[in-house]
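Colleague: I am attaching a structure below and will ask some questions about it afterwards.
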Amino acid sequence: AFPQRVKVVEVGPRDGLQNEKSVVPTPVKIRLIDMLSETGLPVIEATSFVSPRWVPQMADHAEVMQGINKLPGVSYPVLTPNLKGFQAAVAAGAKEVSIFGAASELFTKKNINCSIEESLERFSEVMNAARAASIPVRGYVSCVLGCPYEGNISAAKVAEVSKKMYSMGCYEISLGDRIGIGTPGSMKEMLAAVMKEVPVGALAVHCHDTYGQALANILVALQMGVSVVDASVAGLGGCPYAQGASGNVATEDLVYMLNGLGIHTGVDLQKLMDTGTFICNALNRRTNSKVSQAACRL
């Protein structure tokens, strides 16, 4: 039995643009988010309050947050890796934040230069500040179906990290297959383990299409009761670990599949495709959305 409705979390402006080589002008980012707001998407991850030294693409985070037209009923979460980022985000008007963890020790070490345990301790500072400010926090767990450095990751480890982030107060845990290596079988096994520790209503999946498995993996998650799915307009965001490989699943393709299954999303597919066309033209690249590629030929 599929869920009757699915909340689509648009991650293109943050996770998508973050991997773009050339810096995207601030007005283009603002226009992208404003167009996405008009599609009916309920959640649009807007930017990341990380140090510009680490991610130059997101250096304009405050300008973006203050420049976008925030529609009622739409949330605009931002990624905040630490307390400093959290404070800057709140100062810029953020009403929801995300923290980014991983189920791989080596990935955590290379990504934020500490152990998983230490990363969770760092998050507790953000969690406490967020609680005091009544700001909801979403937790990402990366490398849930494999790691670019460690290879296989056990479902038990994913469940353990997810449980810790959930019990710290994250209202939703987004399980991310950053390298897109998972298949429906490994997705099913991993979700079964995590669902023993975290209620399915608090889970989301974040699938990359690097190996062409994203929609199949999402379908399995839906069958298991997951009703929140992350996606990126036009499939923006390559894979940082595999040059030229596709990254995030395209929001257009996800919505097309959900429409076909009769699952309600509230998203206008045509407006979404127009937004994909806009950002691809602005970036001078072709879309990674199969639906948009097909529509171009009609």
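Cβ atoms here come from the backbone N, Cα and C positions, even for glycine.
Annotation comment: Swiss-Prot describes CYS239 as active site, evidence class sequence analysis. Sequence annotations record features per position, and here Swiss-Prot assigns substrate binding site to ARG14. Annotation comment: Swiss-Prot describes ASP15, HIS206, HIS208, ASN248 as divalent metal cation binding site. Summarising the annotation, Swiss-Prot assigns domain 'Pyruvate carboxyltransferase' to 6-273 and lists sequence analysis as the type of evidence. Feature annotation from Swiss-Prot assigns N6-acetyllysine to LYS21.
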Colleague: For HIS208 (divalent metal cation binding site), name the DSSP secondary structure in the helix/strand/coil scheme.
Modeller: strand
Colleague: What are the sequence-distant neighbours of HIS206 (divalent metal cation binding site), meaning same chain, six or more residues apart, C-beta distance under 8 angstroms?
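Modeller: The answer is VAL11, TYR140, SER174, LEU175, GLY176, ASP177, ARG178, VAL229, ASP230, ASN248.
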Colleague: Name the secondary structure element type, per DSSP in three states, that contains the residue listed as 'N6-acetyllysine'.
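Modeller: Assignment for the residue listed as 'N6-acetyllysine' reads coil.
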Colleague: Cβ atoms within 10 Å, counted per site: which of ARG14, LYS21, HIS208 has the most, among these recorded positions?
Modeller: HIS208
Colleague: Rounded to the nearest angstrom, how far is the Cα of ARG14 (substrate binding site) from the Cα of HIS208 (divalent metal cation binding site)?
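Modeller: Given the Cα positions, HIS208 (divalent metal cation binding site) is 15 Å from ARG14 (substrate binding site).
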Colleague: Cα of the residue listed as 'substrate binding site' to Cα of the residue listed as 'N6-acetyllysine': how many Å, rounded?
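Modeller: Cα to Cα, the residue listed as 'substrate binding site' and the residue listed as 'N6-acetyllysine' are separated by 14 Å.
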Colleague: Setting ASP15, HIS206, HIS208, ASN248 aside, what same-chain residues sit with their Cβ within 8 Å of the center of the Cβ atoms that define the divalent metal cation site, listed in sequence order?
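Modeller: Apart from ASP15, HIS206, HIS208, ASN248, the close residues are VAL11, GLY16, GLY176, ARG178, CYS207, ASP230, ALA231, SER232, GLY237, GLY247, VAL249.
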Colleague: Which number gives the other C-beta atoms within 10 angstroms of the C-beta of ASP15 (divalent metal cation binding site), all protein chains shown included?
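Modeller: By my count, 25.
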